[in-house]
Amino acid sequence: MGSSGCSCWLLSLALLCSLAAAKEQYHEFVIRETTVKRLCKSQNIMTVNGQFPGPTLEIKEGDSLIINLINRGRYNVTLHWHGVRQRRTGWSDGPEYVTQCPVRPGQSYRYRFTVAAQEGTLWWHAHSSWLRATVYGALLIRPRDATSYPFHVHPTRELAPILLGEWWDMNPVDVVRAATRTGAAPNISDALTVNAQPGDLYSCSSHDTALFPVTSGETNLLRFINAALNTELFVSLAGHNMTVVAADASYTKPYTTSLLLLAPGQTTDVLVTFDQPPGRYYLAARAYASAQGVPFDNTTTTAIFDYGAANNASSTAIAMPTLPAFNDTAAATAFTTSLRGLRKAELPSRVDESLFFTVGVGLFNCTNTTAQQCGGPNGTRFAASINNVSFVLPSSTSILQAHHHGAPGGVFTADFPASPPVVLQGTNIFAGENHPIHLHGYDFYILAEGLGNFDAGADTAKFNMEDPPMRNTVGVPVNGWAVIRFVADNPGVWLMHCHLDVHITWGLAMAFLVDDGVGELQSLEAPPPDLPLC
C-alpha cells in the first residue's frame, strides 16, 4: 500500500506541473475593411486587425485561448478554429447557425477553448459566406517541450507558415451572392497565392512575391496550409525533396516526396534539408482539378526560397519545379495513399454505427422561374447533397442552441438517411470530383480509399488497421470512396461538409448530433453569456 500511495503522489505532482505549464492567451481579433493592392488593382477586403493573412497564433499543447472577436466590418461573421477538437466547448466551434448565430456588425463575442492532446499545424478562418477568402490565419501548436518533436531529424529552425490561398478581383461575398441568385457556378478566382501574394507569374506582383531566406546545410520545418476556397493544390519546391512528418496536426511516419497535395482545409508539415547549390528556388502551386469540363483557376502561384549567397544577384535565374497536369489523379492518389500514422492506431474494437454517405454535385430544374434565375446548364440550378439531401442552414437560431434547449422544431430533424465504418462515396451526377470532406469536433482515421463504387465484400480487406493516418479533412477521390472511423466522444453538434466552399454553398453538408455522456466531463458546457443572438 505504501508504494501505491507514493505512485499516486508522484502522478499528482506530474499533473500539477503539467497544469502549471499550461497558459492562457488572450487576443483581440478586430474584423475591419482594409485596402490592399493585388494584380494592379486596389481593393477593400475584410481582414483581422488589418492583416492579410491574419495573425498567426502560437501556443503550446494544453494552452487555452480567449479570442475576443470585435466586428467592425459590414457583414455578419463567425470564426472557426479548424481542426481544434473543442472538447465540451462546441459553442466556440464557429460555423454560423450551426453552433452559434453570427456576430453582427458592431457586436462582439469571445471564443474560449483549450487545445489539448493536439500538436502541429492547424488554422483559423471565417465561417460565414465567403469571408474566409481573406479572413484566415495559422494556428501553430508546439509540444510542451520544444525538443520533443518525434521527428527522425530535428529541424534547425522553423520557417514562417506557408498559407496557400485564392484571390478574386472582386468582393468574394458578391461572387457567391451572384451565384446563389442565378443558380450558376460562381466566378473562378483570378489568382492563387502564397501568404496572400500571387507571385512572379502574375501582373504587378513580382515586387511582393513571398520570400523565404534559408541557410545552406540546415534542415527546416515548413508548415503548409491550404486556405483556398475552392481549389486543391499540387505543391513542389524546385530541386528539393520534402519529408512529410505531420498532416492536420497528427504525426505521420516520415514520407519523402517531391510533391505535396493539399485540399482546402488540410495542413501538411514537412522537413526540408537545404543542400542544393546556393541560389534561388521557386516553390510553386497549381490546381488539382479533377472535375472534367468544369472551369478552374489554371494559374500558378510562386514563392522564392533564397540561399542568400553573396553572388546571388536578383537577375539570376530562379529554378522552377515541374508540377503534374491539373487532372493527374494518379499523382494525387500516390500522395494521399502514402501517408501512414506515426504510431499504431488506437482503433475501437467494435463499430457501433456503420454509415454510408454519398456526396456529389447535381442539377435541378427551376420550379418557379419568376422567383429565381436558372443560370446552370440548360436552364437548371446547381445543387449539392449528402445522401441526396441538400443542407439548409436555419436563420432563427443555431442548431446547437435548439438541441441544447430541447427545441428542434423548425430548426433540424433527426431523420437523416443513414443506410458501412463511415464510408464516403463520391458520385457523378453532374461531374465526378474529388471532395475534401471536413468533420468539425473530431479527428478520424482514414482506413482506406479507392476509385469506383465501394464494395463492402472486397474493399474491407484493404482497410489499414495498423497505422492509418489521422486527419480532420479527407479527400474523397473523384468517382471514388473513402472510409473513416472515429469515436463519438465529444458532445455537441458537429458539421461535416465539403471544404470546397462552392459546394457547401450548394448544400453539401450534414451534422452529427452527439448527446451528452455520463457526468459533467462528458457533457457540453453551458452556453456562454455573450453568445450572439440571431
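A Cβ is built for glycine as well, from the same backbone N, Cα and C atoms used for every other residue.
Annotated domain 'Plastocyanin-like' per TrEMBL: 31-145, 161-309, 411-516, in sequence order. Annotation comment: TrEMBL describes 1-22 as signal peptide.
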Secondary structure content, the domain 'Plastocyanin-like' (411-516) (per DSSP, counts of residues): 13 helix, 43 strand, 50 coil
Counts by DSSP class (helix H/G/I, strand E/B, coil) across the domain 'Plastocyanin-like' (161-309): 14 helix, 68 strand, 67 coil
Secondary structure content, the domain 'Plastocyanin-like' (31-145) (per DSSP, counts of residues): 6 helix, 58 strand, 51 coil
